[in-house]
Amino acid sequence: MGLLEGKKALIFGVANDKSIAWATAEAYRKEGADVALAYANEAVAKRVIPLGESIGASLILPCDVRSDEDIATLFAKIKDAWGGIDILVHSVAFANKDELKGSFLNTTREGFAMAMDISAYSLIAMAKEAAPLMEGRNGSIIAMTYYGSTKVFPNYNVMGVAKAALEASVRYLAEAMGPEGTRVNAISAGPLRTLASAGVGGFNQIAGFVAGKAPLRRNISQEEVAGAAVYLASPLSSGVTGEVHFVDSGYNIIGM
Ligand SMILES: NC(=O)c1ccc[n+]([C@@H]2O[C@H](COP(=O)([O-])OP(=O)(O)OC[C@H]3O[C@@H](n4cnc5c(N)ncnc54)[C@H](O)[C@@H]3O)[C@@H](O)[C@H]2O)c1
């Protein structure tokens, strides 16, 4: 029997087969969960729908996380289909390319607001809709973050600020949802080649540096993040909430 047998998992953030959310969806299906995928827009639909169908996803639905209406509609559909959910994965981030290169001093008001809205506030908006659907089910919410929340990486800029807000939101949500038995955690993944990371200037330089310095002397894979996402969704982590769990070959422990 799989670790997630009988669980209902709603996953945001599949754009293609390199997405962390995709590796997570595959791993959840292998562990016996029913999976629903929420995708950003029509541009990604043509990739997400066949992927979802290939693993027998129960639902594959659009949701632009900038829109409260989209989020409410999506959760209403999930409620109709499933009645409740056990697992919610937030694997969503966005900043304009211009904000992800050069000096942090050039961060614009609009760029800051957009990165914070899509990459951090959306977790709160989702959690609010998920709360009644997760009540009494020992639910688990998992967000994807990066070490740029805490340390300065070249070009990561406003996304580092958004990840700091995301991680703080994980802690506040863990406190707010804990009394109902819902846990909220984040996974801090090492650099991975995806659509999102392609937008960060000099990504190869960061990945190369990590591979040289991390205790494991290599970068991680999407599947390794998915493994941690299985653990955090499963009863094996029943006593864990409000945590940021690193899956980064140990890079974050290195001083020099
Ligand atoms: N790739 C890395 O190196 C890395 C490292 C640590 C953390 N992360 C985080 O992992 C998460 C997933 O990123 P990824 O690397 O798998 O890349 P990805 O591009 O595959 O995933 C990002 C997802 O965000 C979605 N998205 C963007 N704007 C949206 C909107 N308005 N509404 C709904 N969805 C929207 C995209 O459609 C995409 O599916 C992100 O939070 C990212 O910051 C990535």
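Cβ atoms here come from the backbone N, Cα and C positions, even for glycine.
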From VAL44, VAL92, VAL184, the one annotated by TrEMBL with GLY13, SER19, ILE20, ASP64, VAL65, LYS163 for NAD(+): VAL92
Site diameter for NAD(+), Å, by largest Cα distance between GLY13, SER19, ILE20, ASP64, VAL65, VAL92, LYS163: 19
Secondary structure of LYS163 (NAD(+) binding site) (DSSP, helix/strand/coil): helix
For ASP64 (NAD(+) binding site): intrachain residues, at least 6 apart, with Cβ closer than 8 Å: ALA40, ASN41, ASP70
Close in space, distant in sequence - TYR146 (active site, proton acceptor), Cβ under 8 Å, 6 or more apart: TYR156, MET159, GLY160, LYS163, SER188, ALA189
